[in-house]
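S.K.: Checked TrEMBL, it gives:
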| type | residues | note |
| --- | --- | --- |
| BINDING | Gly15, Ser16, Gly17, Lys18, Gly19, Thr20, Arg126, Val135, Tyr136, Thr199 | ribonucleoside 5'-triphosphate binding site |
| REGION | 35-64 | region 'NMPbind' |
| BINDING | Ser36, Arg41, Leu62, Leu63, Val64, Gly89, Phe90, Pro91, Arg92, Gln96, Arg170 | AMP binding site |
| REGION | 125-162 | region 'LID' |
| DOMAIN | 126-161 | domain 'Adenylate kinase active site lid' |
Amino acid sequence: MASKLLRAVILGPPGSGKGTVCQRIAQNFGLQHLSSGHFLRENIKANTEVGAMARQYIEKGLLVPDHVITRLMLSELETRRGQHWLLDGFPRTLVQAEALDKICALDLVITLNIPFETLKDRLSRRWIHPPSGRVYNLDFNPPHVHGIDDITGEPLIQQEDDKPEAVAARLRQYKDVAKPVIELYKSRGVLHQFSGTETNKIWPYVYTLFSNKITPVQSKEAQ
């Protein structure tokens, strides 16, 4: 079972608990959690060629285009050929999924289906520390001091697009873009959908799915 390297992807709208599920999968199964947002921040900070390209779009308030994200992520995957990995935030579009297809076949794609009202509530309770990308939720993991990052003591902000009026538009946009990606993986027979309002209730099913593909590094489920 361990001889084959596991290639997995997680899909889910903003506020779906994707980050939490990724952390648990990484801890329990020893997969590398590869987040496109994390690599984007790292490259922008290091002012790499691809980071400089991405910054131009972000500064104008535009989405970073497919070709930039794809180049960034494929070069990261190139250096991790010998590792089990879990992609988070990539592929987001059909163009990105087709580019990923050219270099590897995916074993598992999981998608989180969370009711709209739940997502709206979660996002409105979300505060972030922009330099690190750390996310706090006033219900699930509030900061020790309200409005302050636990590690640096710097202020937290609420993103404009986490404010209720922007959430509906973001979720609509996610659905439109994700639909063909989900359909592609469904047709391949690698898609597994999980629905619910609580990450802790979805998690045991995700754990079981991964256990059938790869031996857990810890014998019991993370709570």
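Quick reminder: no glycine exception, Cβ is built from N, Cα and C everywhere.
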S.K.: Please list, in sequence order, the residues in the chain of Gly17 (ribonucleoside 5'-triphosphate binding site) that are at least six apart in sequence and whose C-beta is under 8 Å away from its C-beta.
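M.R.: When sequence neighbours closer than 6 are ignored, Gly17 (ribonucleoside 5'-triphosphate binding site) has Leu112, Ile114, Arg122, Thr199, Ile202 within Cβ distance under 8 Å.
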S.K.: State the non-local partners of the domain 'Adenylate kinase active site lid' (126-161) in its own chain: residues 6+ outside its ends, Cβ under 8 Å from one of its Cβ atoms.
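M.R.: Sequence-distant neighbours of the domain 'Adenylate kinase active site lid' (126-161): 14-15, 19-20, 37-38, 41, 167, 170.
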S.K.: Would you count the other C-beta atoms found within 10 angstroms of the C-beta of Phe90 (AMP binding site) for me?
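M.R.: Total other Cβ atoms inside 10 Å, all chains included: 25.
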S.K.: Which one is closest to Arg126 (ribonucleoside 5'-triphosphate binding site) in space, judged by CA to CA distance, out of the binding-site residues Ser36, Leu62, Val64, Arg170?
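M.R.: The smallest Cα gap between Arg126 (ribonucleoside 5'-triphosphate binding site) and any of the binding-site residues is with Arg170.
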S.K.: Taking Cα atoms as reference points, rank the binding-site residues Gly15, Gly19, Tyr136 by distance from Leu62 (AMP binding site) and give the first.
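M.R.: Out of the listed candidates, the nearest Cα belongs to Gly15.
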S.K.: When the Cα of Gly19 (ribonucleoside 5'-triphosphate binding site) is compared with the Cα of each of the binding-site residues Phe90, Arg92, Arg170, which one is closest?
M.R.: Phe90
S.K.: Measuring Cα to Cα, how many angstrom lie between Phe90 (AMP binding site) and Gly15 (ribonucleoside 5'-triphosphate binding site)?
M.R.: 16
S.K.: Quick one: give me the count of other CB atoms within 10 A of the CB of Arg126 (ribonucleoside 5'-triphosphate binding site).
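M.R.: There are 20 of them.
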S.K.: Given the binding-site residues Ser36, Val64, Arg92, Arg170, which one's Cα is the least distant from that of Gly15 (ribonucleoside 5'-triphosphate binding site)?
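M.R.: Given the candidates Ser36, Val64, Arg92, Arg170, the nearest one is Arg170.
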S.K.: Whole-number Å only: compute the distance from the Cα of Arg92 (AMP binding site) to the Cα of Tyr136 (ribonucleoside 5'-triphosphate binding site).
M.R.: 23
S.K.: Hey, what's the Cβ neighbour count for Val64 (AMP binding site) at 10 Å?
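M.R.: If we count other Cβ atoms within 10 Å of Val64 (AMP binding site), we arrive at 19.
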